[in-house]
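Listed in TrEMBL:
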- 709: active site, proton donor (ACT_SITE)
- 24, 25, 26, 27, 120, 576, 620: 5-methyltetrahydropteroyltri-L-glutamate binding site (BINDING)
- 446, 447, 448, 499, 614: L-homocysteine binding site (BINDING)
- 446, 447, 448, 499, 614: L-methionine binding site (BINDING)
- 656, 658, 680, 741: Zn(2+) binding site (BINDING)
- 13-323: domain 'Cobalamin-independent methionine synthase MetE N-terminal' (DOMAIN)
- 441-763: domain 'Cobalamin-independent methionine synthase MetE C-terminal/archaeal' (DOMAIN)
Ligand code: GLN
Ligand code: ZN
């Protein structure tokens, strides 16, 4: 092994590219197909055009080896389920009748058949469809999609590398199929699954693949010795195949840790590692195993899931170190570029100078190509790029957006007392009871009411200049009136204003805070045809003026009952944005928390005595490795307490969480020191109430009794039964009655009926309580 040969071979590659097309053509074609307006052939043609455009774009930009098979009509894990023939029984007929419709039935369900469950892909905001496997699962190989897409790419000219979800990750992401024992471990199916991968690999080789990439991000999580052993066995077996392409095992999102020696010793030809946030740990682990003297190393030095321009010199230094550690070093993004928007160039609302701080998929591709060239030919071959990069980094570092002295001084002066209510929960709860005078089992909602077509039209009209701000606000006030009067009539105890003015719970605040950037076209796939445009936490964060106070105050002016103020919490503001990479997340969270603290205090000053700070994302950004969790939870809970710590004891602070199971973070929830928490619980029959009780959670809680993810109206008796279940875990003095989450995705008819039933249920169960 010589340093020189490793460098000369340096190639540029990526693991995946945004699927949607520059104008979300894929979304339009798929949704058109669902509505019967686009034929299957037209959909396939659009998809093929988008794939071709991506490959030509990548190859044209200088990417030496393009990925194939990363395209998906919905989700690449679902594609893997099809590839290995693990179609759930309930979908078999539909898939046999029409593979495309059957595929969408698995993804979305039909009138009669439930879809696969959907959950987050590691700690990203991408959602995959969870494979359902059981002891009876029979795998069969279906390499058609992979083979066809490889052939399409090869026909265009560039070298192409199929990318598959690896067998170990596939099994680790699965859950027991309906009917399988609840403790069934899908990983026990490994021996049955490997022959199917062997068949797919042989087919890909026959179709012209020199390399195939097997993605194993599950190996960057804490894994048991048995799981690591299974991974070792999988790659020993696949490596031992004779009829196969070269194998590249890819890891990303974190360090490989104890799994690194397992893969380094496996008979595969290549390994891909994340050298962004996990760089130091992966470098140490590589050095500890003596490098990869006979393997190709793909170095993910360009962050594939954040949007900042790369520090090219720093990346070159990392690559230089790696040259001594592998037979050959190639350059890539740390993970698929699926997680970033496509291109910065169409952005018009961001100053050109600031736009140069950002790199979306297209810009990242250029960075990878530049780095590969620099690595192969020396920095002399990329002097112009390095100079431009240095200027962009300096412009960012020196900008007043990046550093606002007032924000920094305030954040530095924060004391422990700022993040603490003036009285402990047990004492302030008496002040709140006296002040609010709520009945036992008080009823409330989570904040939003239906976002009707008229509201969306009003927002579009405002953007399009068809109505002015005054006209728009008139619309919002009318909506608030309606929402308040409905809640009074229905008999809810703590009212909300309904969030009619909010397009999105993060974007609404991001637009009003300085230091945040918004994009016009920065779409990122969340799931299926759903795309989001995460705002960018670009600089120091400040709140120039109150953001929500007038709407809440207006709502309060219409009623004598308490109206709850509604804010998105600091952790969720970070989780659903792109976060700056030049300071620890905890520092950014603290700045956001201080801005929100001002809002909380202003709400209180305007007469709001119940304030909810939503943190639905607290659980989902929990680090993948348990060792990293205490540090995360420390800054996350501190940010929440800093947001809410400035109010009087009699002001009641609520929080809300959903989209996750919370059993393993109950201590952190307690550490938020909120007075009341509402949680998603209807589907799990109050499981979370039992978890809170088991922990000895001392505060008030409202486990949801109305599943808002379904248009179904829960009956009053059904909700009452859930409340009775809740009462077995949480005493009546501390139990609240509320839906699982906000109602913005629901229609008015089901919202009306469900909330009427919820109030009836609360009244019924109150009547059953022993008189005190
Ligand atoms: N207050 C928000 C709402 O009701 C909470 C949304 C959420 O938890 N995702 O819409
Ligand atoms: Zn929610």
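Keep in mind that glycine also has a Cβ here, set from the backbone N, Cα and C atoms.
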Recorded positions whose CB lies under 6 angstroms from ligand 1, from 620, 680, 709: none
Those recorded positions in 26, 576, 614, 709, 741 whose CB falls under 6 A of ligand 2, listed in sequence order: 741
Winner by Cβ contact number (other Cβ atoms within 10 Å) across the binding-site residues 25, 499: 499
Cα-Cα distance, maximum over 446, 447, 448, 499, 614, record's L-homocysteine binders, Å: 13
Long-range Cβ environment of residue 658 (Zn(2+) binding site), under 8 Å and at least 6 residues apart: 616, 679, 680, 704, 740, 741
24, 27, 120, 656, 709 as recorded positions, winner by CB count within 10 A: 656
Surrounding CB atoms that lie within 10 Å of the CB of residue 448 (L-homocysteine binding site), all protein chains: 22
Distance, residue 447 (L-homocysteine binding site) to residue 24 (5-methyltetrahydropteroyltri-L-glutamate binding site) (CA atoms, angstrom): 31
Residue among recorded positions 446, 447, 499, 656, 709 with Cα closest to the Cα of residue 26 (5-methyltetrahydropteroyltri-L-glutamate binding site): 709
Other residues, Cβ within 8 Å of 446, 447, 448, 499, 614 Cβ centroid (L-homocysteine site): 445, 496, 505, 566, 612, 656, 741, 742, 744
Chain-mates of 656, 658, 680, 741 with C-beta within 8 Å of site centroid, Zn(2+): 446, 616, 657, 659, 678, 679, 704, 740, 742
Distance, residue 709 (active site, proton donor) to residue 27 (5-methyltetrahydropteroyltri-L-glutamate binding site) (CA atoms, angstrom): 22
Alpha-carbon distance [residue 614 (L-homocysteine binding site); residue 656 (Zn(2+) binding site)] in Å: 5
